[in-house]
Amino acid sequence: MSFFNFRKIFKLGSEKKKKQYEHVKRDLNPEEFWETIGELGDGAFGKVYKAQNKETNVLAAAKVIDTKSEEELEDYMVEIDILASCDHPNIVKLLDAFYYENNLWILIEFCAGGAVDAVMLELERPLTESQIQVVCKQTLEALNYLHDNKIIHRDLKAGNILFTLDGDIKLADFGVSAKNTRTIQRRDSFIGTPYWMAPEVVMCETSKDRPYDYKADVWSLGITLIEMAEIEPPHHELNPMRVLLKIAKSEPPTLAQPSRWSSNFKDFLKKCLEKNVDARWTTSQLLQHPFVTIDSNKPIRELIAEAKAEVTEEVEDGKEEDDDEEIENSLPIPTNKRASSDLSIASSEEDKLSQNACILESVSEKTEHNASGDKFSTKVLNEKPCPGEPENAVELVGGAVAVLPDRATELPESGREEKRPKLDRLPDTEDQEMADINSVSEGEEDHAVTSETNIEHNLKPEKERDQEKQPVLENKLVKSEDTTIQTVDLVSQETGEKEVDIHILDSEVVHAVEDTHEKLRKDDTTQKDVISDTSSVGERDEEIGAVPKTAESSAEGAQGDGGKETDEGAQILISKATEGPKASGTEEAPPVTEITETNDTDQKLVENTHEKQLPISSETTLDTSEGLGASEGREVTESGSTEEVEVEGAVSETDEEDVQSETRGAPMAVTQMDTEKNETPHEAPAQVEVQVPVPPQPSEPPPAPIPSININSEAAENKGEMGASLNTETILLPESESQKENDTDSGTGSTADNSSIDLNLSISSFLSKTKDNGSISLQETRRQKKTLKKTRKFIVDGVEVSVTTSKIVTDSDSKTEELRFLRRQELRELRFLQKEEQRAQQQLNGKLQQQREQIFRRFEQEMMSKKRQYDQEIENLEKQQKQTIERLEQEHTNRLRDEAKRIKGEQEKELSKFQNILKNRKKEVLNEVEKAPKDLRKELMKRRKEELAQSQHVQEQDFVQKQQQELDGSLKKIIQQQKAELANIERECLNNKQQLMRAREAAIWELEERHLQEKHQLLKQQLKDQYFMQRHQLLKRHEKETEQMQRYNQRLIEELKNRQTQERARLPKIQRSEAKTRMAMFKKSLRINSTATPDQDRDKIKQFSAQEEKRQKNERMAQHQKHENQMRDLQLQCEANVRELHQLQNEKCHLLVEHETQKLKELDEEHSQELKEWREKLRPRKKTLEEEFARKLQEQEVFFKMTGESECLNPSTQSRISKFYPIPSLHSTGS
């Protein structure tokens, strides 16, 4: 076995080397350096702990993330790199990072103030505008720094903005942030939290054509500002996935009540929430906006001090009452007259419910309450109850008769809208005043304070609100420089009663009212309401002085003490309308908060455990402008908590009994109303005074009369409807004669004037409409009610402040927490999904990039290989040609040498023969000379020798020259032959070389075309892969969305089942109590009108009992039918929701397929265009190549021609060959 196989078996050296990161310490135990001292929370990807450095004692927030692999570890490197690279006072700093035992520890700067959303939840109210300004400016500076460093945060929200104890903010959570490499780089990832996503980010879910840049953070900033102003972001009532469609298609969100906020704030939001990205301002531009010119962070320091204050909690149980206490003696109440146009019109279902309920003959009185909380009024019938009137539960509270509306049989929203009185829309400048008495909007947490002798808070059951599916509405707090307006407007949807608590105060004008929880248990009902305006100090004083004449004397007691305290600067009572966080369909009970600011010399705390209530008796009608309550959708009165701030100086605490004695029987102070002059006349009087005495009961001490309610209509100007505009100095209070009522339960609209009614018939009406087949009774509510009292003590700028918050604790609180937890779970699931999608997208992008690199590398290799192949062939051809030429030249040289030798040999022989002939001739001359005489012989010999020598020399030269010419001719002929042969070979070689070059170019062109095709196919396949992943991710999101929808629907069904079970269980008890009460009252009426004999009375009683049994049976059947209808409607609604969801999902899938088809088509068109352009460029390339070949061929021909001619110009010139083989001349020959 080889060593390499051995290594494979034991995996020696095969382990992948761990990647080292710059800011992450590996294989070091973080617990050796940091001590965990507590848990801060549970994030989407792991727990967050509070840690302390063992050496420096520096605190840190340690995020511990379980990472299974190196690939998962890389997902968090972007966050760590961004944190490490950022150095800004408003961005959290990275203190340390460890990777130990598959856990990634990220230790960041600890911010003790907590997140903005957590502070709002803790204090149960949104931020004020000054606080928002501070947060906004510092957040803008942080964003501007990030954007300058090419970083997009992509998850900006209140939960990611942290407070420090110094009153500054730190931007955190860069888990989904993007770090670009270029300034103008854009992104196309669908990532972030839906509620805060910019429209261009939302569009990336189905289309990557329009990527986004840094301005996506600016949109998120605008949404975050709305979140801080209203506790929840816009569209928070929607599912996290479904809100995306809302963002993409609807107009940019705005503040729910713009009039409560400054114009700078609204303009700033407008600049942030601009759907057109090009028109949206950048962070640097926004920093120049006047909204963020604030320099001090004092508002945040006060906020943090309050949020981090010491909290003392106290739970008070509500008193229990027996069922028998419901039965009250008749009250001497004057009868009311009813207008002929106010006849009740009941729905068909209510006809069936109450057809047997009209037993007693006379006028009945009914206080109805709008189901949406927008209006309520008192209705009086001058005939016996019609069969169509709803059967509503009635409680006798403090002598007043209240009728419980039928919550289960509400009309649909459109029906409510049609029945409401059409009220004039108030201008924005008067929204503050109108908001003070605006009704609680739909789905809001309504409260009533009611009992036998006092008024207590009564909460509507959470389940009924869920059933109604009313939108969750938010509260807004308005704060100007020197005036704070806070309002509490409470409606009990159980009793139809509405209590209005209005406190408008500034630093100079104060009206204090006390109503402690103990007073609610006193014999007399004491109620006060303080009303002031939002104008300047002088205007307020004038307005407060404008109390109706009939109420002045009794109002003095209520206002006198408050005025005294104001003059002395001792006590300030501020009622702040705040709101607890609300999940979809749920709200929290608004607690009453009291802030007591005491100086060092006097540390007295005045408790105010309940809101001041405006009693709504049977003669009063309260209505409000629908334009504010319904259309605006959010009211100050929808708060989850109400704070009353009381600052005490050296004034002693007012005794509760004194306050009671002063306020007992005193009317409520009411400001005058300025109404429009063109209102229609009404038959009701201009001023109405109502007194409802309460007779003593056997089980209780004799109660005092209910305080009179004086309403001045200001010379009967308010004669028509109530929706007239108000000026900025007034606060509208209800006038019973001008109100119209919309009863959503029975479809009945009626008005009542302020005449007296007959109690017997009122009770009869009450009994005929009682409890609406199982609605929660007041006694049940009182038994379930607990009051949670929180007291916060903290110091702001050396002044100790105490805040007391009283909140009624019901099941709705836990339900709210549960729904908020479920919503967080949904967001967490979405975050996980996004993280998985991002990882999968990164993996796919890496894979596709690798594929592109591989194919381009292959293209290059193929091209180089093809070129190398043809270059090699051309080189071989040239080498072969060279060798051939060299061989031929060698052959030609050898042949020429041989031929020259041969000719030379022949010429030498001929020359030798010629020389022999010359010798013979010389001999002959010698012989001839010898024959001459001797004396002449010597001279003749000499002369004849000279002649012979000359002639022979000339002959020999001629002979040699002739031989040379013959030799040159022969060699020339041979050379020409060789030249022709070489030219042919060169031409053939050039042709072969050009053919190879043509083949090379053709192969290159073919390769280029094939590469274009392959590149197109690859890009097409990659595009399909990308869209396949998008479809897969979209389907996963749809599955998650469907799963969440099914869970939501299942919760609704379960809640409805539980509520129906409770109603079925309550109905027999209610019926028994009713039967007992009705029988007692029937017998009492028989005793009063005792004209018949005892037998006749017994028969009437039997008949009444039979009718009661029949009525109860009908009630049970009606309840059963109602429950079936409710379940059927709910199931239909759930099915409709699922269908709508599937339709939206199909639209998204269809849109994605359309985008894919469009992109594929564009890709094909691009390929066709590219191919066309390539082919167009190919023709000139071919032409250029052929021209080059022709030029080279011509050059070769000219070369060979010129060479041949140059050598033939001088025939006597020796050739290159003959030069080396000279013919011997006469000088070289022997003689």
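Heads up, residue numbers simply count up from 1 along the chain you see.
Cβ coordinates are placed from backbone N, Cα and C, and glycine is handled just like the others.
If you check Swiss-Prot, you get these features:
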- SER14: phosphoserine (MOD_RES)
- LEU40, GLY41, ASP42, GLY43, ALA44, PHE45, GLY46, LYS47, VAL48, LYS63: ATP binding site (BINDING)
- THR183: phosphothreonine (MOD_RES)
- SER189: phosphoserine (MOD_RES)
- 309-351: region 'Disordered' (REGION)
- SER330: phosphoserine (MOD_RES)
- SER340: phosphoserine (MOD_RES)
- SER341: phosphoserine (MOD_RES)
- SER344: phosphoserine (MOD_RES)
- SER348: phosphoserine (MOD_RES)
- 405-478: region 'Disordered' (REGION)
- 407-428: compositional bias 'Basic and acidic residues' (COMPBIAS)
- 446-478: compositional bias 'Basic and acidic residues' (COMPBIAS)
- 516-757: region 'Disordered' (REGION)
- 516-531: compositional bias 'Basic and acidic residues' (COMPBIAS)
- SER554: phosphoserine (MOD_RES)
- 601-613: compositional bias 'Basic and acidic residues' (COMPBIAS)
- SER661: phosphoserine (MOD_RES)
- SER775: phosphoserine (MOD_RES)
- 871-906: domain 'UVR' (DOMAIN)
- THR1093: phosphothreonine (MOD_RES)
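On its own chain, ASP42 (ATP binding site) has VAL48 as residues at least 6 apart in sequence with a Cβ closer than 8 Å to its own Cβ.
Residue density at GLY46 (ATP binding site): 17 other Cβ atoms are found within 10 A of its Cβ, drawing on all protein chains shown. For GLY46 (ATP binding site) paired with THR1093 (phosphothreonine), the C-alpha to C-alpha distance reads 83 Å.
Cβ environment of LEU40 (ATP binding site): VAL48, TYR49, LYS50, ALA61 lie under 8 Å away, each six or more residues apart in the same chain. DSSP assigns ASP42 (ATP binding site) to a strand. Counting Cβ atoms from all protein chains shown, THR1093 (phosphothreonine) has 9 others lying within 10 Å of its own Cβ. A sphere of 10 angstroms centred on the C-beta of VAL48 (ATP binding site) encloses 18 other C-beta atoms. Averaged over the domain 'UVR' (871-906), the predicted model reaches a pLDDT of 85. Under the DSSP three-state reduction, VAL48 (ATP binding site) is assigned to strand. Broken down by DSSP into helix, strand and coil, the domain 'UVR' (871-906) contains 36 helix, 0 strand, 0 coil. Following the DSSP three-state reduction, the secondary structure of THR1093 (phosphothreonine) is coil.
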